[in-house]
Amino acid sequence: MIIMIPIYAITWNFRDTPEGFDKIVNNDYNYFESLCKKSSIDEFVILITCNRVEIYAYTRNEIDKDLFKDSLIYNYPESTMHLLRVASGLESMSIGENDIMRQVKEAYELSIKRKTSGKILSYIFKKALNVGKEVRTQTSISRGKTSIPAISLDICDNEYGINNKSILIIGNGKMATDFSRYLKEYRPGNVTIAGRSIDHARNLAVLYGYSYDSIKNLNNLIKNSDIIIAATSAGNYIVKDLGDLARNKYFIDISKPENIDPEISKYARLLSINEIGKILKRNEDEKKGEVEIAEVIINQEQKTIDEKLKEMMLDDVIAMFYKFANNVKKDELEELFLIQDFNDEQKKDIDAMTSSLINKILAPYTNSVKQFIKENKNFDYILNEYKKMLEQFMENIVKKL
């Protein structure tokens, strides 16, 4: 049984919304956080990677779709299914990539730090991380090199060699960061990060003990490098018109659109994103069986999520009973203590007795209501109607008080 719960996945990604993704990808976290606040979203987690920008939202308010132009919006249960697939590496450009697990975890941890996620999204993200781990444990979907930078460097090392080579990384974003990290295992010579922002280039270079420079000095940097890696979000050729300067060098361009003019392949080896894409497609075909096993795991876990969310929704409604009863108790006791004189010990005993009385009176009733709603095939409709009825009842009582 599918239940309706206001959990959404708002996504711009390389596969489903490529044009929208290209428009939105250069915005930072604060930009997307401001969109969520403008739309009055109750809980949200923002995931930003090289190939996707996604907002997972739980809200009782209607989402302002005009704020999230060119995106694809999933409703529940497709929203949580999408997150499970993302965490498992099934939605990655390179099927089974491991980096996405770290990125999902970091996105969730940042939401906790910024206090934008609550009970609902915390449960779902913890579940997604567990599912991602289980998929990788129960299948071979993440075997071998799985990320685009890792695959690119592996090809480069086999064809050209990386050890002791002088390397230039053009860009300082997420993909450039991944290249910087993976390069360490190949023991390169000098590595230089070149970016439009010298401050951003410096920040990345310092993390790994590399050099940094401005992209304004590009031709000179290329002249002094053996391997040139382009990993930016620029929509044009950054590396072009090199002529003989390109000879005996190795170029890697994982940017889309391309950052390196294909004409360079006349003078040097150019490993392009299109060539890497063919390798990724071959890997995807080889992993079809593992994907099917992963989908079985995901579908089973989605059923568990359905049941748990039903429990959480029911608990919220039942909590309304007790909150209302305790508010009435508080008002009545305050009035009682004003007209009669009780010492502190007596007040404490009366408060405990009335709390116990509330629990004993409400428990059988609320438990039977909870069981009735849970077992009814029209769970969602009955729960919502019951909640509206309860809210109206409380509102009327408060007016009388």
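Just so it is clear, glycine is given a Cβ too, placed from its N, Cα and C backbone atoms.
What Swiss-Prot says about this protein:
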type	residues	note
ACT_SITE	Cys50	active site, nucleophile
BINDING	Thr49, Cys50, Asn51, Arg52, Ser92, Glu97, Asn98, Asp99, Gln103	substrate binding site
BINDING	Gly171, Asn172, Gly173, Lys174, Met175, Ala176	NADP(+) binding site
SITE	His82	site 'Important for activity'
Item to check | Residue among recorded positions Cys50, Asn51, His82, Asn98, Gln103 with Cα closest to the Cα of Gly171 (NADP(+) binding site) | outcome: Cys50
Item to check | Separation of alpha carbons, His82 (site 'Important for activity') and Gln103 (substrate binding site) (Å) | outcome: 15
Next on the checklist: What whole-number Å value do you get for the CA-CA distance of Ser92 (substrate binding site) and Met175 (NADP(+) binding site)?
Outcome noted: 14
Item to check | For His82 (site 'Important for activity'), nearby residues of its own chain (Cβ under 8 Å, 6 or more apart in sequence) | outcome: Ala9, Thr11, Tyr74, Glu91
Checklist outcome for this item: Across every protein chain in view, the count of C-beta atoms other than its own within 10 A of the C-beta of Cys50 (active site, nucleophile) is 23
Checklist outcome for this item: From Asn172, Gly173, Met175, Ala176 (binding-site residues), the ones whose CA sits within 10 A of Asn51 (substrate binding site) are Met175
Item to check | Rounded Cα-Cα span from the residue listed as 'active site, nucleophile' to Ala176 (NADP(+) binding site), Å | outcome: 9
Checklist outcome for this item: For substrate, with binding residues Thr49, Cys50, Asn51, Arg52, Ser92, Glu97, Asn98, Asp99, Gln103 per the record, max Cα distance (Å, no decimals) returned as 15
Next on the checklist: Quick check for the class: what is the C-alpha distance, in angstrom and rounded, between the residue listed as 'active site, nucleophile' and Gly173 (NADP(+) binding site)?
Outcome noted: 8
